[in-house]
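Shown next, in C-alpha cells, is the structure this report addresses.
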C-alpha cells in the first residue's frame, strides 16, 4: 500500500447532515429540524403529524 490520505472532514454541504434514525447521508430532510432521510421519514411521518402518509 502507498500513502493514504483520509477524506477531509466537511463543515457544510451534503456530507455533513445524516439521518438521525439510520445514519444515511443521502436525501436528508432538514426542514422543521427533522433530519431524517426520505425513507425513514415515510415510515414515521404519520406519527410526527404529517397526515399525507398513512
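For all residues, glycine too, the Cβ spot is worked out from N, Cα and C.
What you are looking at is a predicted structure, and each value in this text was computed from that prediction instead of being measured.
Features of the protein shown, as given by Swiss-Prot:
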BINDING   19, 22, 37, 40  Zn(2+) binding site
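Neighbour count (other Cβ atoms within 10 Å of the Cβ, all protein chains): 21 for residue 37 (Zn(2+) binding site).
Following the DSSP three-state reduction, the secondary structure of residue 37 (Zn(2+) binding site) is strand.
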